[in-house]
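Taken verbatim from TrEMBL:
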- 59-253: domain 'TLC' (DOMAIN)
- 22-39: transmembrane segment (TRANSMEM)
- 68-87: transmembrane segment (TRANSMEM)
- 107-129: transmembrane segment (TRANSMEM)
- 136-154: transmembrane segment (TRANSMEM)
- 160-181: transmembrane segment (TRANSMEM)
- 193-216: transmembrane segment (TRANSMEM)
Amino acid sequence: MAIQSYESYDMLLKQFLLPHPFVPYISMLVGMFACKLVYDLNHLLSAAYFKSYSNLSKMQRIEWNNRAISTVHALFITAMSLYLVFWSDLYSDQQLNAFVTLQSSPLSTFALGVSVGYFLTDLGMIFWFYPALGGLEYVVHHLLSVASVAYAMLTGEGQLYTYMVLISETTTPGINLRWYLDTTGMKGSRTYLINGVVIFIAWLVARILLFMYLFYHLYLHYQQLVRHSKKQVYSAYMCLLNRLSKCTSLGNF
């Protein structure tokens, strides 16, 4: 059932997109366009339905909308990562005749391209408003993210581990909600407390336990990484660098 579902999504993508070599570039443009669309829509909806939005400073409104972009991206890439890693059989050892670290598809490449488009857009905003939207640690985090995700997207190598890393984005919506509640003066509310507990649990699962599983999976497939080429080791190394950058981004709290 999972195989049929995955193949249907993949065939749909092949029908409505240009040939596979163009998928990375089309998907990056889609990601950038989506960021602009979310930013503008969030601005309009917030101005219409949130009274506190009009009381914010210009820089706070920019960050408000910027965090909406990161929330939508987090929801999208988390859903895609969970689907590709745990539901589909794209990276299953039982279904493949090739190394699991070499597997890719138009769908998996497209999703990574959307993510690269987001990181490039967000990095551009960080530079433009520097340091209001984040300091040097945010720049380093985004550069590592772009390097690792773009590498997996363009080469098709190590996409499995890249998606395992991107599952950690599941904590981003809670972190952004924490900022929204704090900015609107709801820091003492029950919602703020519940959100804090949810963030802790999500952080424990997605950024600590998953990190342990990632190392375990690397250990099981170490021979595949070594036997194929040094590029596979580099791919895994880039993923781990990205993972560590996310684990150290405690400043988001």
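The backbone N, Cα and C atoms fix where each Cβ goes, glycine too.
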Note = Same-chain residues at least 6 beyond the ends of the transmembrane segment (160-181) with a Cβ under 8 Å from one of its Cβ atoms are 63-64, 67-68, 70-71, 73-75, 77-78, 80-82, 84-85, 91, 100-101, 103, 108, 112, 115, 148-149, 152, 187, 189, 191-192, 195-196, 198-199, 202-203, 206-207, 210, 213-214, 217-218, 235-236, 239-240, 242-243, 246-247, 252-253
Note = When pLDDT is averaged across the domain 'TLC' (59-253), the result is 85
Inquiry  = Give the nonlocal contacts of the transmembrane segment (107-129) in its own chain as ranges (CB under 8 Å, at least six residues past its ends).
reply    = 6, 9-10, 13, 17, 20, 23-36, 59, 62, 66, 69-70, 73, 76-77, 80, 84, 90, 138-139, 142-143, 145-146, 149-150, 152-153, 156, 159, 162-163, 166
